[in-house]
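*Asks:* So that we are looking at the same thing, I have put the structure below in structure tokens.
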């Protein structure tokens, strides 16, 4: 066959395969895995139910992990990647050192790999785990679009510009959200996620001690005095590690308690208190604080959460598209070459997680390992079989 006709044949095969076997172009949509892994969302929910039964505090941790991922260039799993010899990843930025939940994502991914090898992205695992954290904590069910591709870039340099600075005012917070097409209402609504979870003393101790340069005992005057005393009992001066409930009294239940705390000057973080300093965000806080039922908040949270989940969703042109690498290897040699498959960087969690009889071992990682080629090697036989079934439908004339 002449070179030109060979090229035409390759294009014909590619076009036919894309039509028959599906493209990896990622457009987040409801039920993206209905055909390729119909049990995916049930698997995630089952695993999260087991996780939170043992460690309910991880619900807030996974919500935060997902939120941070989305605001650092998009919801594409880059927060999961570890640093390498030549790169400091997002998770190793000092601003992200308190993040938890990495092993939860990886253990769920292991279950999904056993059921549907090479189908569900780590980015979607994180999104679904965060979604189910809300649901299992008695919050709303959120119809979560899926179909995200995993990113392959993670840089600590991206963290500071996309993270609220300590003491950030409400104008700064609204401006940060606006960069991602999120509104002041989204800010007020998504802040309601602080109704579950915990924060390290380091996140709010500047409000308790040395609030002014002239008095080491001075505290933030916008913080309720009785609450200040309670917090000082939990976080002594210099204590950076102790964890404190963001919503004392109902820290594991997704409810309106957070808004009632903020309205009473008992918002734990300075960014919580800042919501009272803008007309729109204050109005939302006060309305929810005085609400007799969470219906409005639940509906708003579901909508804002989905809005956030769509930030920077990758297509295979920017992320990791398995089909392209597999197809090229077939054309070049009739088998999958791991050298053509994209790698991922690794991570380890501050607090190692062990789920109820289902965690992946610390040496068996899908989303955190610096080189996923071994994982793809395990999938080679399965993927080759699936692709060969598609190839049998294509006839290329010599």
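Using N, Cα and C of the backbone, Cβ positions are placed for all residues, glycine too.
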*Asks:* According to TrEMBL, 195, 247 bind Ca(2+) 2; so which of 239, 255 is the extra one listed there?
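*Replies:* TrEMBL lists 195, 247 binding Ca(2+) 2, and from 239, 255 it also lists 255.
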*Asks:* Across the domain 'Plant heme peroxidase family profile' (27-320), what is the average pLDDT of the model, as a whole number?
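*Replies:* Averaging the confidence scores along the domain 'Plant heme peroxidase family profile' (27-320) gives 91.
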*Asks:* Tell me the Cβ contacts of residue 70 (disulfide bond) under 8 Å, same chain only and six or more apart in sequence, or just say none.
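*Replies:* Long-range Cβ contacts: 180, 308, 309, 311, 312.
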*Asks:* Between the Cα atoms of residue 201 (disulfide bond) and residue 90 (Ca(2+) 1 binding site), find the distance and write it as a whole number of Å.
*Replies:* 22
*Asks:* Excluding 69, 74, 78, 90 themselves, which residues in that chain have a Cβ inside 8 Å of the centre of the Cβ atoms defining the Ca(2+) 1 site?
*Replies:* 68, 70, 72, 73, 75, 76, 77, 79, 151, 154, 158, 312
